[in-house]
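Below: the structure, in structure tokens.
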Amino acid sequence: MSAPNLSNNNSSPFLLVGIPGLETLHVWISIPFCLTYIMTLLGNCTVILTVRLDASLHEPMYYFMSMLAAIDLVFSTAVVPKMLGVFWLGAREIAFEGCFIQMFFIHTFTAVESGVLLAMSFDRYIAICHPLRYSTILTSSRTTKIGLLALARGIAVMIPLMCHLTSLPYCKNRVIPHSYCEHMAVVELACASPTISNLYSITVATLLVGSDSIFITFSYSMILRSVLRLSKEARLKALSTCGSHIAIILLFYIGGLLSMYLQLFSLDLDPHIRVLVADFYLTVPPMLNPLIYGVKTKQIREQLVKLIERLVGLRISPAD
């Protein structure tokens, strides 16, 4: 095949199937995804606005929560609108460039979110284990640098993969048996071995998750050791907060690894099960994060109630 033919072929759009085998149920399946996306938008925008508008929340912990909320907004918006277009309108076509842009945002911000979760565990470790040094260790400028470093790391690990994927000749059929441009489903359409890209993605994901998980585990282990020496009330408060954090961290990491390995290995699972696992992984955590990190944090909950009172002129008694 000549180079001009490869170039022309690579400019052709891809076609997204949606959920293979369940095409007749797309309209019904779209309902929970639509509701989840609406809650994601409302919850994460609320966290960002509350932190932005209230000066008392201009502290590292809340800055990290805002970063997480912004990441989840980008993360879910890169996927769900197009997914709903496939489900509702049958808009299966996605441009060649658009497919890889979507893939870039998904995987980049997955890595960025892992970095921010690590930063949040470090923040709690300093706040609980070294409270007198908290304000000197985590200054506003350092918090910003940590966020930028997480973003730079995510971009850096994705650029080589994107360069490799876009250079492959896609001369097979253009049908992606997925609801979005999932990396391993797309690379299977190339007339080249997927070994390099699959090996790179699984190595990078394992190293990122492994290293971040080790440091997160260390942080919460030190926190647990410290809170056991506190009073009962303080211990329960700290454990409640950290327990919620650990729950969403486990959901993020376990869900991500499960989704990746189900796509990579040919298990005796129906295709729609693998696709649904991947779809829920991309949509459910962004919805739960503002509930766990935001609404369950007393300071944000109180400031949110005050903000609502100012907006609607009502008096609301916040729940304990």
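Yeah, the Cβs are placed from backbone N, Cα and C, and that goes for glycine too.
Listed features, source TrEMBL:
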TRANSMEM  25-49  transmembrane segment
DOMAIN    43-293  domain 'G-protein coupled receptors family 1 profile'
TRANSMEM  61-80  transmembrane segment
TRANSMEM  100-126  transmembrane segment
TRANSMEM  146-167  transmembrane segment
TRANSMEM  199-224  transmembrane segment
TRANSMEM  236-261  transmembrane segment
TRANSMEM  273-293  transmembrane segment
Interface check, the transmembrane segment (61-80) with the transmembrane segment (199-224), three or more C-beta pairs under 8 A: no
Stretch-level contact, the transmembrane segment (273-293) and the transmembrane segment (25-49), CB cutoff 8 A, at least 3 pairs: yes
Best-contacting stretch, by C-beta pairs under 8 Å, relative to the transmembrane segment (199-224) and drawn from 100-126, 146-167, 236-261: 100-126
Outside the transmembrane segment (236-261), six or more residues from its ends: residues with CB under 8 Å to it: 110, 113-114, 117, 120-121, 124, 128, 184, 201-202, 205, 209, 213, 216, 220, 223-224, 227, 230, 277-278, 280-281, 284-285, 288-289, 292-293, 296-297
Intrachain residues whose Cβ lies under 8 Å of the transmembrane segment (146-167), provided they are six or more past its termini: 10, 63-64, 67, 100, 103-104, 107-112, 114-116, 118-119, 183, 186-187, 196-197, 200-201, 204, 208
Average model confidence [pLDDT] within the domain 'G-protein coupled receptors family 1 profile' (43-293): 85
